[in-house]
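According to Swiss-Prot, the protein has these features:
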BINDING   Asn172, Glu238  Mn(2+) binding site
BINDING   Ile175, Tyr176, Arg177, Arg189, Trp190, Leu191, Arg194, Gly195  prenylated FMN binding site
ACT_SITE  Asp287  active site, proton donor
Amino acid sequence: MKYHDLRDFLTLLEQQGELKRITLAVDPHLEMTEIADRTLRAGGPALLFENPKGYAMPVLCNLFGTPRRVAMGMGQEDVTALREVGKLLAFLKEPEPPKGFRDLFDKLPQFKQVLNMPTKRLRGAPCQQKVFSGDDVDLQRIPIMTCWPEDAAPLITWGLTVTRGPHKERQNLGIYRQQLIGKNKLIMRWLSHRGGALDFQEWCAAHPGERFPIAVALGADPATILGAVTPVPDTLSEYAFAGLLRGTKTEVVKCLSSDLEVPASAEIVLEGYIEPGEMAAEGPYGDHTGYYNEVDNFPVFTVTHITQREDAIYHSTYTGRPPDEPAVLGVALNEVFVPILQKQFPEIVDFYLPPEGCSYRLAVVTMKKQYAGHAKRVMMGVWSFLRQFMYTKFVIVCDDDVNARDWNDVIWAITTRMDPARDTVLVENTPIDYLDFASPISGLGSKMGLDATNKWPGETQREWGRPIKKDPEVTARIDAIWDELAIFNDGKGA
């Protein structure tokens, strides 16, 4: 499935009953969140609010509200097929030369996909059909949602922020929330280790006192949106990865106010700059943890141009206690992570981020253990191999006879195979999400690893327990007479 733009995707969703148009007037202030939250929890469709109260622009919510829609956005039929996306990323992260003709033939599909990586630059684009600049720039014309009662102000949640560092050829795409503070002002809330923040830091060092160009695309095609939240290798741009997902090159157009390139098919583009040193207090906001976060200072984004389609759609979401859209994305992207981790650690059998763990804060790993201390090596690997897991607070490692996605199995392993003193690893003073108010210092906290594997010689001096297993011959005999026993139908019928 290939989508040229967001509207192609919406057309398909509507054909498959995965999009609901809402003609009743609904307020972006709290009401849309209430409707979207109820719909997502019921596994319902994407929502297109066609008549937001007080605005002329439709609002799209709950676009990736089910794992299947995430898979569809990546060009796959179902979530299990996302393992293939992960295998492609693992190949791109550490490409190996073909070992022979047969291996070359097997890898031809991957090499063919790589041809779609370069972007296609356009002179004009749908996202620039209407242009607002100077005094005509007014962010308050956009139906930006206020999601929770104690939120500080309306909040842009699905903006693809485009940046480029002074020493980098490729652009970075990241999704950072942006608080509305004026008709042409937003607060750019990015964490210090994220790509956009790193680009800004490098710019300030290379060009002291100069304005940092920035652009935000709203309503891009699904491959580009999902490319911005997928663990692509640092050497690969999100635009290139989107081209791989889509099967065609990503079309971009140069901004009117800078050399940055934005998705040509985007619904809305905000162009402007960050003035070094201009900061503002951001928050509080209800977040994916289920709590309001504390107020902190972040850079101010001054918008100089708004470009958009003639009949633009505003793409939005809300975040709150799981399940929410980030949690659903986490469930789907979990399948992408598995092959990437297995490429580096072949002993890993499965990797699971439970959605109730707020997307990434707790991970369960199952593995084929091969030596004493092996589980601890895998723990450290999870924390360090991919940048996405530097904020993961808890890593539970189990043997491959445990189902990582079944809490009954995992809790059984923890309670029967762990000694708390021996098998708990605590690491202090590590990077932690700023939103994690449980950490003693903002941005710095501890991590816990739980080794719930069977212990090998050297890890214990005791005889280790053997799991109880049924006699297969007895099981087969009882299977043969089970219906005749009629235990669950009061003896009435077979």
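Numbering starts at 1 and runs along the chain as it is shown here.
Glycine is no exception: its Cβ is also placed from the backbone N, Cα and C atoms.
Taking the features listed in Swiss-Prot, we show where each one sits on the structure.
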residue: Asn172; record: Mn(2+) binding site; Cβ neighbours (10 Å): 21
residue: Ile175; record: prenylated FMN binding site; Cβ neighbours (10 Å): 19
residue: Tyr176; record: prenylated FMN binding site; Cβ neighbours (10 Å): 21
residue: Arg177; record: prenylated FMN binding site; Cβ neighbours (10 Å): 21
residue: Arg189; record: prenylated FMN binding site; Cβ neighbours (10 Å): 22
residue: Trp190; record: prenylated FMN binding site; Cβ neighbours (10 Å): 21
residue: Arg194; record: prenylated FMN binding site; Cβ neighbours (10 Å): 18
residue: Gly195; record: prenylated FMN binding site; Cβ neighbours (10 Å): 23
residue: Glu238; record: Mn(2+) binding site; Cβ neighbours (10 Å): 25
residue: Asp287; record: active site, proton donor; Cβ neighbours (10 Å): 21
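Across the structure, the residue listed as 'active site, proton donor' and Arg177 (prenylated FMN binding site) are spaced 10 Å apart at their Cα atoms. Comparing the Cα of Asn172 (Mn(2+) binding site) with the Cα of every entry in Arg189, Trp190, Leu191, Arg194, Gly195, these being the binding-site residues, the smallest distance points to Gly195. Comment: prenylated FMN site residues Ile175, Tyr176, Arg177, Arg189, Trp190, Leu191, Arg194, Gly195; largest CA to CA distance 14 Å, whole number. Calculated from their C-alpha atoms, the gap between Glu238 (Mn(2+) binding site) and Arg177 (prenylated FMN binding site) amounts to 18 Å.
Other residues of the chain with a Cβ within 8 Å of the Cβ centroid of Ile175, Tyr176, Arg177, Arg189, Trp190, Leu191, Arg194, Gly195, the prenylated FMN site, are Thr161, Gly174, Met188, Gly196, Ala197.
The Cβ of Leu191 (prenylated FMN binding site) lies under 8 Å from the Cβ of Ala197, Asp433, Tyr434, each on the same chain and at least six residues away in sequence.
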